[in-house]
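**Student:** What follows is a single structure, and I will ask about it in a moment.
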Amino acid sequence: MASPPPSPSVSASSRRGSNPFTRNQDSVDSITRSLRRQSFGAHSTFSDTIDEEEDDEEGAATTAPGVRQIERGVVGSGTGVSVNGGPSDVEGIPIKPALGPAGGGRRHLKVGSMEDPDVVYGEERQKLGRTTSDNAANTATHNRAPGIIRTYSMAQQKRRPVVMNDDRIIRQRRLSHDAVQEGPRRFIVDVEETMRLVLEQEDTDGNFQICVTDSGPKVLSLGTATSNGYKGVDIRGTYMLSNLLQELALAREHGRKRIVLDESRLTENPVDRLSRMISQTFWHNLTRRIDAGGLERILSDPKNRSKQQTPRIFIPRSETKQIAYYQKFADEHPDFNLTIEILPEILTSDYTRDLNEKPGLLALEMKEVINEKGEETLEGIPFIVPGARFNELYNWDSYFISLGLVVDNMVDMAKGTVDHFIFQIKHYGKVLNGNRTYYLMRAQPPFLTDMALQVYSRLDPSKEEENKAWLKRAIQAAVKEYHTVWTAAPRKDPKTGLSRYRPEGRGVPPETEASHFTHVLRPYAEKYGISVNEFTHKYNYGLVDEPELDEYFLHDRAVRESGHDTSYRLEKRCANLATIDLNALLYKYEVDIATAIRELFDDKLELEDDFVLGATLPPSMSDQQPDTPSRSIETPQTSAEWFARAAFRKKQVDKYCWNEGRGLYYDYDTVKEEASHYESVTAFWAMWAGLASEAQAHKLVTQSLPKFEMQGGLIPGTEDSRGKITLDRPNRQWDYPYAWPPHQMLAWVGLERYGYLEEARRLAYRWLYLMTSAFFNFNGVVPEKFDAVALSHMVNAEYGNQGVDFKFVPREGFGWSNASFQVGLTFLTVQQRRAVAALQHPDDFFKTNKK
């Protein structure tokens with residue numbers, strides 16, 4: 001499916017002339033151009049707002065205003081390879097390093113957005129069920145018929161179908177009785193009665209949603225406001241009826257009994273509607289804060305299956321102000337029954353295991369504020385949770401969520417998340433899988449440096465010294481995590497010099513569903529003649545010795561640390577694999593740290609936390625390697641050292657992971673000393689990180705991209721790699737045919753970095769079509785993953801799908817899916833955005849729009 005890219009002999013910089021995401025922005029004029037409304041066509045109910053001066057081929061994205069220029073390029077205007085172009089000035093680094101986030105300073109232009117439901121259905125707007133414009137329209141109606149006022153109840157009764165017992169509702173002839181449209185229509189709606197009628201008639205499967213799979217007549221008549229509800233207009237189709245149900249539910253939540261409803265809220269362009277709901281509603285509903293005002297909401301943990309359900313918060317011993325704050329809260333609110341636990345400075349596997357009997361929330365960063373009484377106190381820094389059963393701060397979820405936040409200009413929220421990551425590294429030793437006690441031994445894919453650069457590139461340039469001090473803290477934290485986690489035992493493989501997901505831990509992971517490991521544990525329980533639960537307890541506390549089971553759970557913990565839980569790519573071997581994704585991310589760490597030190601910190605970064613520098617110097621600097629490990633506070637960091645680390649990692653990745661003949665990176669098994677044969681889409685993370693050479697990128701696009709590109713986007717791995725599915729070998733959610741937002745976003749940016757903008761746009765179109773189709777046909781659903789082959793959000797794998805169980809109206813979507821939609825829109829041209837909104841199938845679109 002990949003279109004023929006340029007020859008590898010053509011430099012990436014020469015291909016980027018038409019790339020709108022990597023152009024330097026001299027002003028924000030292109031952002032403030034006048035907008036005009038333009039419909040899809042005379043017969044379409046959807047509308048779209050476009051920039052009439054924007055070229056259709058290059059009208060996809062804009063660099064955020066206020067992007068700061070520094071000596072070596074534009075921070076946030078693009079990525080290392082595209083800021084300045086040309087060959088790298090650092091030996092062993094394939095593309096020229098430049099200080100900036102991967103993907104550049106994307107900002108989604110908000111066009112044609114409807115107002116927030118809080119405004120539309122608020123007290124002021126909905127007095128007596130009318131808007132200002134409705135009152136004017138009704139005045140004209142009353143002038144035509146003085147003295148005559150048709151009551152709302154009469155108008156409603158005229159159009160209600162007469163139904164006796166179980167009689168079938170007869171659909172009226174379409175258009176024959178509709179009111180003549182003279183302008184934007186509004187309807188007078190009785191909220192409760194209409195909601196009851198919609199559900200009774202259209203929700204045939206009883207799930208409180210109106211979906212394409214429901215077998216109702218898909219038509220309902222509403223009375224127009226200009227006729228005081230007397231004349232009716234049919235609301236037709238799944239999309240309009242599901243939007244009606246959603247608007248009614250929102251109005252009811254605001255206490256409205258009767259509303260004047262704009263037809264435009266029912267016919268709203270689905271792309272605009274989803275983007276608006278993400279920015280206006282989903283981010284807000286996914287926001288959490290750990291303090292007196294937010295504890296009750298964040299302490300809820302659907303994954304806690306222990307007998308101890310007492311709310312607990314665990315606080316680092318050195319955070320004395322937080323300890324005092326929470327203790328005061330507990331004393332003043334005894335009914336809350338909050339238990340304050342103090343964490344030791346050294347966290348071990350045994351200690352973490354013991355906490356499984358009384359799990360709780362781990363404290364995060366707080367800020368000092370002055371309350372309404374003029375007293376100094378603490379306040380939690382807000383952050384976004386993924387949603388559904390994941391009600392805490394997650395590691396790599398937060399990175400992708402932050403990409404959506406900065407696109408939506410919620411930079412402070414993303415900045416706060418970076419502050420939480422810095423806090424975790426300081427007190428818990430790593431950015432945790434999530435801030436619950438059962439995650440204390442486990443990290444997740446590291447994205448801190450790029451996340452910090454995404455924020456830094458968008459901070460107020462008038463506060464540059466303050467911004468640099470903030471970025472310095474983030475880079476220092478990343479250096480500590482790099483040395484003490486990713487390049488230290490047990491994660492670093494000493495022979496290859498590459499890193500692995502290999503966390504410490506003991507026993508069975510407690511956060512999984514109760515029956516998740518039953519099939520694994522039962523044979524051992526039967527061996528000892530005891531129940532599965534009794535065996536689990538004995539095993540967790542070392543009362544039985546089962547080395548094979550130890551090996552199984554070592555790999556299981558590693559799979560969870562990788563974020564790809566679960567997949568046949570990683571099952572029963574993950575801890576032994578030097579994966580291409582992890583080593584691409586660490587290469588990005590090394591280049592980002594080196595570039596920040598060189599560009600912003602005068603090529604010398606002093607570290608403030610005291611720890612052992614566990615990572616040895618690369619071979620090119622072996623003559624500078626001390627006899628004993630150095631202390632961080634005694635060893636200033638230089639760009640030369642970090643660039644050398646990056647060059648060495650690239651050399652080792654090329655040696656152990658790159659397959660020239662197949663044009664693909666593979667994971668390397670450090671125990672078997674051979675490459676894995678599983679074809680994984682994470683190979684494209686090498687392009688996102690800038691690890692691939694021009695020639696390698698060319699092979700990835702021409703030889704490997706077609707293997708992963710389905711009609712709904714990129715799949716995690718090929719069907720052949722996954723193998724045959726049977727009752728004894730069921731589907732895994734991170735395998736074919738399922739598709740996930742992280743893989744899409746990193747691939748888009750990686751392709752764009754190397755000049756394959758057409759491919760990036762094509763993949764973004766496929767993904768956004770898949771998301772919009774589900775949103776359009778299934779009551780606004782935004783789940784965590786999709787089936788990219790069947791073009792469906794219905795997933796038949798472990799855990800099912802998250803973000804699909806809601807009543808009436810979607811409240812949250814799902815964190816990184818929300819982000820992928822907002823980021824994806826920045827890749828599309830105006831034409832592509834229109835086509836997605838019109839639900840033009842990707843294959844049809846690309847067939848009719850071949851160049």
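In case you wondered, yes, glycine gets a Cβ from its N, Cα and C as well.
The following feature annotations were taken from TrEMBL:
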type	residues	note
REGION	1-111	region 'Disordered'
COMPBIAS	15-33	compositional bias 'Polar residues'
COMPBIAS	49-59	compositional bias 'Acidic residues'
DOMAIN	195-224	domain 'Neutral trehalase Ca2+ binding'
REGION	491-513	region 'Disordered'
COMPBIAS	491-505	compositional bias 'Basic and acidic residues'
REGION	616-636	region 'Disordered'
COMPBIAS	619-636	compositional bias 'Polar residues'
**Student:** Using DSSP, what's the helix, strand and coil tally for the region 'Disordered' (491-513)?
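**Tutor:** Grouping H, G, I as helix and E, B as strand yields 0 helix, 2 strand, 21 coil.
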**Student:** Six or more residues out from either end of the compositional bias 'Polar residues' (619-636), which same-chain residues have a Cβ under 8 Å from its Cβ atoms?
**Tutor:** 479-480, 483, 604-613, 644, 647-648
**Student:** Per DSSP, how many helix, strand and coil residues does the compositional bias 'Polar residues' (619-636) have?
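**Tutor:** In the compositional bias 'Polar residues' (619-636), the DSSP-based counts are 9 helix, 1 strand, 8 coil.
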**Student:** Tell me, roughly as an integer, the mean pLDDT over the domain 'Neutral trehalase Ca2+ binding' (195-224).
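**Tutor:** A mean pLDDT of 97 is what the model gives the domain 'Neutral trehalase Ca2+ binding' (195-224).
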